[in-house]
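Taken from TrEMBL, the feature region 'Disordered' applies to 385-408. The transmembrane segment annotation in TrEMBL covers 15-35, 41-60, 91-109, 116-133, 153-172, 184-212, 232-249, 270-291, 311-332, 344-376.
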Amino acid sequence: MNMTYTAGSRMRSRVFFYAGTGILAVKVLLMYSAIFQIPETLDNILVILGVTCLLTKIIFQQYTWKAFLRCAVLGGFTCICTVRSRDYALLFTMLVICAFQDISIDAFVRMLYRIQIGYLWIHGLLYAIRLFLRPELLSFNWRDDFIRHAVGMSHANIFSMIVTWMILEWLYLNYEKIGFRALVGMQILGIAVYALAFSRTSLVVLTMTLVLAGLSKWKEKLGRLFLTVSRWIYPILTALSLFIMRFYFDIPGIAGQAVRVFNRASSGRLNMWGTAYQLYGASLWGQTIVGNGKVAWNEVYRVTQIIVDNTYVYFAIKCGGIFLIVFGIVYFQLRKGEKIKQALMVIAFSVFNSMESFGGSIFLCFPLCFIGYGLYENLGRKREDEKEGTKEGAGAPADYGSGDKLYG
């Protein structure tokens, strides 16, 4: 599968990648907008353009036989699960992952950050104008007696999630040079977002990540500990979530009481996991959920709408449990001794997945791009065009970085 892969062909290949991911990122973000309702025809055009660009990148990029086999197997899994579940969010994510050969993580994250910040500024400005001039045009989410501001998006949780991952993207891109004041500033911003949206999940994930970042900078040994934690946390939280999903209504004694207490503290999330499993079961290869999760009320489940706020459970029931196995294996192979900032993001992503169901979209949760690095075996290699391009640091191309290699 090795072929002549010149600097020029590499550049053209990367143009297709960034064009495709940029188009699909805009398409996904517009799905969650309450201000811009794009026509179905335009939505389909964006999908066709984005998918075509990424498929072009996948077809013409360089492979070894092992990398080609990995990509083909993952692509096959994705096609099967997409057809069975009719959930296309994971399909877009897998296209990006399979097209990630010879792509810089930092450059990808920087592109997402710029698109998201533009999206946020536009929505924030239009929302403020409507709030003061035409409030009757807005719909609000409520928690108790407090308005939860969605800032022009479909739900307050969406707004909070996008801002939180933007903050984490900025932390990732600037980790080496930030200090205590920057961490405090990010925390203050997170609290301000919470005051608007009242989204506990985003604040918990952000606060935890900032504390871990501060500790890793304070003690190098703690940073190495976080590298180890990042290898285990995704499979452990997967197993824990699936255990609760399967046995929620059957856990006896003190353990059962503790689970019920946690269920009340988490706004009934655990009950939803167990109810979804009781009604639909689990599937390794995905399944279509008829009725969009709407169910008749009864004394056992006491709900009329199944909303699974857990990516692990959502994958196991709808998208296909096979991806939990694949992702768990790849994150477990995160190489010790590499950059701590990747480990922090894997930890944040894994915890976020236990409380929200958006962990299948690489355009919302960028740590999924690390899977793309685990797919190829020639990661972090010096490119042949180093002699032709500018260098940053000791032998690293300016747009590639010297620490992008994550997996062995």
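These residue numbers are counts, starting from 1, taken along the chain as shown.
Each Cβ is built from the backbone N, Cα and C atoms, and glycine gets one as well.
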Count the Cβ pairs between the transmembrane segment (153-172) and the transmembrane segment (15-35) that lie under 8 angstroms and are 6 or more residues apart in sequence, then report whether there are at least 3.
yes
Stretch winning on C-beta pairs under 8 A with the transmembrane segment (91-109) (pool: 184-212, 232-249, 344-376) is 344-376
Same-chain residues near the transmembrane segment (311-332), Cβ under 8 Å, at least 6 residues beyond its ends
74, 77, 80-81, 84-85, 87, 90, 230-235, 237-238, 241-242, 245, 273, 276-277, 280-287, 289, 346, 350, 352-354, 356-360, 370-371, 374-375, 407
Using a Cβ-Cβ cut-off of under 8 Å, list the residues of the same chain that are 6+ residues beyond the ends of the transmembrane segment (41-60) and lie near it.
9, 13-14, 16-17, 19-21, 23-24, 26-27, 30, 71, 92, 95-96, 98-99
Looking at the transmembrane segment (184-212) and the transmembrane segment (344-376), are there 3+ C-beta pairs under 8 A, with each pair at least 6 apart in sequence?
yes
Seg_contact(the transmembrane segment (232-249), the transmembrane segment (15-35)) with at least 3 CB pairs under 8 angstroms, min sep 6:
no
